[in-house]
């Protein structure tokens, strides 16, 4: 009985540790993702040009650029 309880406790602890590791952000970058150089500025994302099909134009509310 004692051995069974110990196994259950170990199983629960390992599940809790795995869930905590999954939820917390990783301190180390994943090897599959390329890391930007330290001196490199972040890329500037330009808004997509918006093509209005219906009125009122949704571009006015979202702040996109009209063509």
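Backbone N, Cα and C define each Cβ position, glycine as well.
Straight from Swiss-Prot, the features:
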COMPBIAS  31-44  compositional bias 'Pro residues'
DISULFID  50-59  disulfide bond
DISULFID  52-57  disulfide bond
REGION    22-44  region 'Disordered'
SIGNAL    1-25  signal peptide
Original post:
Taking the Cα atoms as reference points, how far is residue 50 (disulfide bond) from residue 57 (disulfide bond) in Å?
Top reply: 9
Original post:
Looking only at Cβ atoms, how many others are within 10 Å of the one on residue 52 (disulfide bond)?
Top reply: 13
**OP:** Give the three-state DSSP assignment (helix, strand or coil) for residue 50 (disulfide bond).
**Re:** strand
